[in-house]
Structures are given as C-alpha cells and as structure tokens.
Amino acid sequence: MSKRLRSSDVCADCNGPDPSWASVNRGTFICDECCSVHRSLGRHISQVRHLKHTAWPPTLLQMVETLYNNGANSIWEHSLLDPASIMSGRRKANPQDKVHPNKAEFIRAKYQMLAFVHRLPCREDDSVTAKDLSKQLHSSVRTGNLETCLRLLSLGAQANFFHPEKGSTPLHVASKAGQILQAELLAVYGADPGTQDSSGKTPVDYARQGGHHELAERLIEIQYELTDRLAFYLCGRKPDHKSGQHFLIPQRADSLDLSELAKAAKKKLQSLSNHLFEELAMDVYDEVDRRETDAVWLATQNHSTLVTETTVVPFLPVNPEYSSTRNQGRQKLARFNAHEFATLVIDILSDAKRRQQGSPLSRSKDNVELILRTVSTQHSTESQDNDQPDYDSVASDEDTDVETRASKANRQKLQTLQSENSSLRRQATASACQVQTGSDHKDTASHSSLKRRPSARGSRPMSMYETGSGQKPYLPMGEASHPEESRTRLQPFPTHIGRSALVTSSSSLPSFPSTLSWSRDESARRASRLEKQNSTPESDYDNTACDPEPDDTGSTRKGRQRSMLWQGDGLLPDTAEPHSVPSPTLPSTEDVIRKTEQITKNIQELLRAAQENKHDSYIPCSERIHVAVTEMAALFPKKPKSDTVRTSLRLLTSSAYRLQSECRKALPGDSSLPTDVQLVTQQVIQCAYDIAKAAKQLVTITTKENSS
C-alpha cells in the first residue's frame, strides 16, 4: 500500500491536497468538493464532520485519524488497487475532475454502491459467513488493530453480535480490554453501550471495573448522544453526566402562553407511541445535523470558486430504507423557521426526559411549546390531495441538480429492489430445498434467542448515520425479530450491485438512554409486543389506532431501533381484533413458494419497464402483481394467529393496492397539472419493494413454522 493512500494530507476520494472534512463511518478525510457529494448522499451513507469547525469528542477524532493513517481507504477502493483495474478502464477521481459528473459518480460508486470493496465468495448460507465474521470481530476488538475491525464490519460483521458461547458483545470485550478507539468504532456501527451480557453487566460496568474511567464516561455520553446534541444545538451546552445530570432542557426566551393550536400539537406529540416518538426524535436529530453542517459549510467555502458546482442540500436526502411517507415528513422539517424548530426540539427534549423517568403527563402550565403552524398549514392545503406523494419543493435555485439527484436515486432504488427480488428468488429456492431435505434448525434458533436475552437497547435506530444492518443484533437466517427487520441482510448479493444493504451500515448512532428502570420480565414482555408497535402509522408521525401499513424501513430501527424501553410501554394496546379467534393454520411452504415465484416474476417485468421508461406498461404489470398477491394472501387464514403473519399480509396487500394507484398516475391524464413521472416511478419502485419484502417475510415464516 502506498504512503500516498495512508497520508491524511490528501483527500481519500480524489487525492486533492489538505482535506478539511472527515467521513466518520468510512474512516477517511475528504476535500470540500468531495464533501459536497457526501452530503448529498445523506448521513445513512456518509457522516461528515469538519475537522476544525465542528466539536469533536477527542477519542472519536483520534479513531478516524488512526483509521485513515493506517489505510482504511483501501477497504473502499480494494479493487482499484489491483493493477488489472487499470486495464478495465476503472480509475479514481482526480483533483482536476469536475464535481459533476466525474467526482460525484465515483463517490456514489465507492460508498453507495460499494463497487470497489472486496467481496467474499457467495455461499449457500451467507448467515454462516456473517456469524463467522462477527465472531472474528468479537475476538479482534480486544486488540488495537482498528483497520482489521473496520474491514470485518465492511464485510458484514455485526457490531451488536451476541456471542452464543461467550455470552457477550464485541463492545463488552473492547470495554473490558480498555480499547477506547475500538469502542468508538463499534459505536459508529451501532454497538449499544446499554446491552447486558449473560451476567447482566453492560460495557460501562466492565470499563469501570477495569479502571478505564475515560472509556466508561465516553460510553455514557454515547448513550445520551441524541438528547445531548439537541440541547447543544439550542444553547451550546451539554448536561454534566459525571454529576448525574443526563438532560438539559433550555428555557424559552419569551413568556407567551401556548395557543390552543400549540397545546393541541404538544398533546399530540406526547400521545405518540414510543416507537413513533423515537423516529421523530431521530429525524429531528438528522435535521439538526443538516442545519449545523450547512452553517459550517457556508462559513468555510470560497464561494467564488465553488458556487457553480457545490451540491445544495436544501432538505434531508431520501433514505431508501425509509418509507416514502417518512421521507416526506423528514423533508418537511426544513420548512420550520428557527423559532418553530427550536420549540420542537425543546418539546422533544422535555418529553424524552418524561418518558425515560416514567413521569405522568403534567397538567400544569409548561414552559415550552410546540409550534407546528407550518405543518398545520400544509395539512389544510394538502388535505385535498393526500394521496399524492409529496416530496416538498423546498426552495432551491438548482432545480436541474435536484432532478439529477432524484433520477439517480430512482436508479439506486431500482438496483436495490432488483437485489431484493433476486434475494427473494434465492430464498424461495433455498426454502424449497429445505422442505425437501427436512432440515431443522429449531434447536439452534431457540438456543440463540435464549442467549440473546432482551436488553434495554437491543438494537440501534438506523436513522441518523446508518443504512441498515450494523445497528441490529445478529439474527440467524430465518429468525425475524421484527416484521420491518425481516428483510434479511445476510444473504448473498448479485454481482451487479454493491453489498450496500449489508455493509453500509454506519451507525454512530445518537441514541436515547438505555439505563431505564425496566425489569427483565417487562423487557421480555415488551419484546413480544414489538411487532405490534411496528404496525403503527407514521404519516406525519400520527398515532391513530387504525390498521396501518408497517414502516418499510427494513432495519431496526432501523425493530430496527435501539429500543428505548420507556416507562409505561406495557400499556400499548394490541392492534388485533379483540373478539376474533385466530387460526393457527398456515399454508404449505410449497404453495407459498409457488405464489412467491409468480410475484417475483411479475415484479421483474415491472422493473424492466421502469428501467426502459415504458410507463404505459406500469398498469398491466401492476394488475398482474395484484392478482398474484391476492392469490398468495388467499392461502393464509383470514385471522392468523401470528402477529408477524398479520403484519406481513397487511403490508403485502396494501402495497399491491398502492402500486396500482401509483401506476395509474404514470399515464397522462386530463388534468392541466403535469405528471411528475420521475416521482411516480420512485413510488412505484417503493411499492414493489414493499411487496417483495412482505413476500420474503411470509416465505421465512412458513418455512420456519412448517419445518418445526
């Protein structure tokens, strides 16, 4: 490896001199121009920080410096180091290249599609590979070799992996060994400082026992990173965790009484389920980061040279792991003015503290308010068109650039769905083979689930910094912890797409505190209810008790989420019909696989039509998909016993219905308003993605149940 690649004096992406930004989760330093592209990709791809004008925890900066100086960039450019790559015409961007399209395309290929990372040979059971990698990570973190651990994480090792024999996670091992930089890296990829091992001890406990007090204090800071960041955004101060102060809630500058509208909005915020409240808080965190990074960006740029090529980030970039509804809600946060956004942040801090402490709702006059006039206005103006996907046009002078990014986002979603569809086909085939051979992993799965006891923070939210897998505890193939989580990330990926769904998880996740007074029985009881929570609606973070479609985030949350076991969560109602008699009967695996193959075949036809811009083919394709979905749903009882089956069936059927509705919009209508075909295509792909995911869940469930 050349010294040039190891030097922190050059940009990791174009070799330009004097990089002033860092990509924390990638362990690289980047220049201003390349940073503009990183920002446009979103924090789920790259977490950027300015090296001088951003407040850094010292050990976090030291971790990034150590990684880059030891060649972490070669992980993301592995195949480019091969002399054969020169013959193939692939090359790295140069400082003289234009940002668009040269640098932008290279950076997207490098980090978003992972086109140059080392790929392990595909195996029949890729979950075994992930488990082996996670065990290697478990052993490696006791040493100081950061690059080895980042390489393992990039290959699919799980930062929250619970070692079945050792009874601990990698963060327990790193904390016991006093490896503070390893702990920083694991936290970036989703490791949970609040997870308990088989002895009931957390990484903080081991750090204190070993006399590693700096590490113990840092782990506590990581636990409260989300609320600390929000408080710092408002008042420039953080709570003093050493003295036991874990929340700092700034006071309002004025003494105005809450309006009736503000009181109603605040009450609605307080009535959100913990799951939806977590998602809203994480989205607000992302918006805080966007605004702070914008301020640093504008203060540090030489506008005379960069104004023509700088990528504008007027709102949060689309995260393909999230549903279109949630992405819309996230982008609407950019419409809040400074006062409105500050009061929203204050109320989130107040309610986070209340939920953690288990305090009842106060009827006294509060000193904070939630001003959502913007959203209220939007609701009144959008009520006539609620079915239209609304990616808000936040003010931007670079419409062409935004359209280009949207087009590329569509292509990325197409590739992701193709990967998912291919994965679904492989799973159906593998399941068929499993049924024929009668393979049985019941004992292994049950043992793993027993060892991986519910903890206060079983997995991290995937919002802020990650794309998906790293924040979740390791789950063996076919073992689904949440309906949203069942998009198995431990399967081989086709050669035409990067392993982004597997290895781009980069979670330095700001998270809620995990030191909550929940008993083990309560934790276990909540774990059994998580599937029901996942079916709560997320439209503008509403909390109505209807039969909503589940969030398609696919990751923990990121079930994907690091659980914030709030006080009183045990009172959440079951969404199932109270007087229905559930049926335990599930269809045969062979029947489910046969119908799944019909669905995947029809989805593939729709994808081809989307790629070739054959919009007139959308409707017939969607009708065939709807027929196949209806036939598959008819195989299952009307009132399944399993919550997971009910949720998956809801997602399957509702997505097929939405797909038909979206496909109709692709045809030119009589309306004088032009059809945004690009946006329609994005929604069509999203619906097809949801259908494929739901079908995969049902294949997994029936295979597991029928083989047990």
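Positions of Cβ are set from backbone N, Cα and C atoms, glycine also.
Since we're looking at a predicted model, the values are computed, not measured.
What Swiss-Prot says about this one:
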| type | residues | note |
| --- | --- | --- |
| COMPBIAS | 407-438 | compositional bias 'Polar residues' |
| COMPBIAS | 504-518 | compositional bias 'Low complexity' |
| COMPBIAS | 519-532 | compositional bias 'Basic and acidic residues' |
| MOD_RES | Ser393 | phosphoserine |
| MOD_RES | Ser396 | phosphoserine |
| MOD_RES | Thr400 | phosphothreonine |
| MOD_RES | Ser508 | phosphoserine |
| MOD_RES | Ser511 | phosphoserine |
| MOD_RES | Ser519 | phosphoserine |
| MOD_RES | Thr536 | phosphothreonine |
| MOD_RES | Ser563 | phosphoserine |
| REGION | 376-592 | region 'Disordered' |
| REPEAT | 132-161 | repeat 'ANK 1' |
| REPEAT | 166-195 | repeat 'ANK 2' |
| REPEAT | 199-228 | repeat 'ANK 3' |
| ZN_FING | 11-34 | zinc finger |
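When DSSP labels each residue, the repeat 'ANK 2' (166-195) comes out as 17 helix, 0 strand, 13 coil, counted as helix, strand and coil in that order. Counting residue by residue with DSSP, the zinc finger (11-34) contains 3 helix, 7 strand, 14 coil. Residues belonging to the repeat 'ANK 2' (166-195) score a mean pLDDT of 95 in the model. Here the repeat 'ANK 3' (199-228) has, by DSSP, the following mix of helix, strand and coil residues: 22 helix, 0 strand, 8 coil.
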